[in-house]
Amino acid sequence: MGSACKDEREEVIQAWYMDDSNEDQRLPHHRDPKEFVSLDKLAELGILSWRLDADNYETDEELKKIRESRGYSYVDFCDIRPEKLPNYEEKIKSFFEEHLHTDEEIRYCVAGSGYFDVRDKNDAWIRVWVKKGGMIVLPAGIYHRFTLDSDNYIKAMRLFVGDPIWTPFNRPHDHLPARKEYLETFVEKGDSVVDAAA
């Protein structure tokens, strides 16, 4: 018998529950035993993902379709590595502060790799490793943070609907409409099914 088709996104996007270690944030931080999280589980949290052709992003028809269908009109690149980013260590620490945005955060890794940590429905950390060719969308209102992995390099395309607003709101900012909408759409909807059955 043949095996089930593997999701090609898993070659460039992997996720797992994090341990509680205070070791270097750039380490994988797997639990023992390792506890992986499926891309379907990430989708339940509102996180969208694609595998794209990072070597041909300028002419990639799939990227063009995604941009058109989701209204991503703004594009720029961030190149994060010690020799390119002024105040590198300080910036990496600031990216690792838990925060949310009032708009989606869209990142397409065209080179290198990095970790996007997100909170699950029970407030546990899930580490999402995005490698070259991986594109993710974090919904507005989700608490998250970012760090490089031990390779210390990522070049990411940043996409945005309209003019970019990069304002991070460090936790706690539960009063913001974007946070309330996120909770209603992705966290509380699962709870209401359970409550109705009780």
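Glycine too: its Cβ is placed from the backbone N, Cα and C atoms.
What TrEMBL says about this protein:
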- HIS99, HIS101, GLU105, HIS144: Fe(2+) binding site (BINDING)
- HIS99, HIS101, GLU105, HIS144: Ni(2+) binding site (BINDING)
| field | Listed in sequence order, residues not in HIS99, HIS101, GLU105, HIS144 with Cβ within 8 Å of the centre of the Fe(2+) site Cβ atoms | value | LEU100, LEU138, ILE142, TYR143, ARG145, PRO168
| message | Among all protein chains shown, how many Cβ atoms are found within 10 Å of the Cβ of HIS99 (Fe(2+) binding site), not counting that one? | response | 19
| Residues satisfying Cβ distance under 8 Å from HIS101 (Fe(2+) binding site), sequence separation of at least 6 | LEU138, ALA140, GLY141, ILE165, TRP166, THR167, PRO168, PHE169, ALA178
| message | Validating a neighbour-count step here. Other CB atoms within 10 A of the CB of GLU105 (Fe(2+) binding site): how many? | response | 22
